[in-house]
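Undergrad: The following block contains the structure, expressed as structure tokens.
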Amino acid sequence: MLWSPMSEIPYIGRNPVYFLTLLVFVVFQVPTALSVNFGMLLAFRFLTGFFGSPVLATGGASVGDMYAPRKRAYGMAVWGIAAVCGPTMGPLIGGFAAQAEGWTWTIWELMWLSGFCLAFIFFFLPETSSQNILYRRTRRLRKLTGNPNLKCQPEIMAEHMTGKEILLMTMVRPFTLNFTEPMVFLLNLYIALIYGLLYIWFESFVIVFVEIHGFDLGQQGLAYLGIFVGALITIPPFFTYLYLVQEKQFNDRGEIQPEKRLPPAFVGAFCVPICLFWFGWSARADVHWIMPIIGSGFFSIAATLLFNSVLNYLADAYPDHVASVLAGNDVMRSAFGAGFPLFANAMYKDLGVAWASSTLAFLGIAFIPIPFVLYIYGERLRKNYSRHARKDI
């Protein structure tokens, strides 16, 4: 909520936010791994989460900077795969590491991988914010020509921004957009639910694959590959749909009605309960372990289609506030992802895997109408009940 809107300030841009926060994230992995008590571990895990969040919150805005709306969905899909597959690859790599060297080894691995990403960003990632690029070019041109009156629009805007306005942009606007815009709130709530279901559902993997099927810690990580494979399988047909159907819906100005981004979410919405019912009722000792793994693949199909439809819809509906809108999405997503697992173990122990998963599936069914409602009434909501959404398409 803090870092991502800050990247919209012309004289800051995206890269300083990425680099500085990721640098702190990497450094704080050391005290996290060396924590001597649970309180210290929690404190540094909070700090690493705080400084590691801009990549998730601002990544979609950077993709929007680089691609025209007609091609943005392709870039967003590739970026979104990381958000879906990251939580599945972590247990795979970390499971074998923890089994061989102890749990702290997973923190060291995270530091090494993040350090590599930090170096890559520093040397190879160009600035993508058009306002920041124009601001820096004008500054260089002013220096070369010696003309102090040479200024660009982003620079003029930045000069007139007071400290209060900057504070409102970075701290207040994401909350305002998230809780006063009906489309933003409904879609962010839905994506947050999907993320929460993902993390509460992960808690059942220990019960299903360790307690029922006898997997060890490393083998348990392999069980997450169904989710990873499901995400990869989704991309080719999704790209085919984008090329054959969605690209043809753009007008001559290269614009599309935001609601036209939502049809893939119709399929994704139904895949959530399918996954949870399949997984829950096949998680038995008399059923081969591959069956719940196959069922888990439907979740990544759902997440991939829903994430891409929602993020592209928000980017098209709120082009002037992309980073702030996506920051709100990230906060709600992370809050649900952190909160849901707190009651996961008790729920699965009390209800059993089948009925606990079914309970989550019923929750997913309750949210199925959201993309359909916005597809039908979204244009009316944007034009009549929104202060910030685009109204000219």
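Backbone N, Cα and C define each Cβ position, glycine as well.
Sequence annotations record features per position, and here TrEMBL assigns domain 'Major facilitator superfamily (MFS) profile' to 1-381. Sequence annotations record features per position, and here TrEMBL assigns transmembrane segment to 16-36, 42-64, 76-98, 110-135, 183-202, 222-244, 265-283, 289-311, 331-348, 354-377.
Burial and contacts for the listed features, if you can.
TA: When pLDDT is averaged over the domain 'Major facilitator superfamily (MFS) profile' (1-381), the result is 88.
Listed by sequence, the residues of this chain that lie at least six past the ends of the transmembrane segment (42-64) yet keep a Cβ under 8 A from its Cβ atoms are 1, 3-4, 7-8, 14, 17-18, 21-22, 24-25, 28-29, 31-32, 35, 72, 75-76, 79, 83, 114, 128, 311, 315, 319, 322-323, 326-327, 329-331, 334.
Non-local neighbours of the transmembrane segment (222-244) in the same chain are 73-74, 77, 81, 84-85, 88-89, 91-92, 95, 205, 208-209, 215, 264, 289, 292-301, 303-305, 308; each lies 6+ residues outside the stretch with a CB under 8 Å from one of its CB atoms.
Long-range neighbours of the transmembrane segment (331-348) within the same chain, counting only residues 6 or more positions beyond its ends whose Cβ lies under 8 Å from a Cβ of the stretch, are 1, 49, 53, 56-57, 174, 178, 188-189, 191-193, 195-204, 207, 356, 359.
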Undergrad: Can we call the transmembrane segment (289-311) and the transmembrane segment (110-135) in contact, meaning three or more C-beta pairs below 8 angstroms at a sequence separation of 6+?
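TA: By the criterion, they do not touch.
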Undergrad: Where, among 76-98, 110-135, 354-377, do we find the most CB pairs under 8 A to the transmembrane segment (265-283)?
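TA: So the stretch in question is 354-377.
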Undergrad: Counting CB pairs under 8 Å, which listed stretch among 16-36, 76-98, 110-135 touches the transmembrane segment (183-202) the most?
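TA: Per the Cβ under 8 Å count, 76-98.
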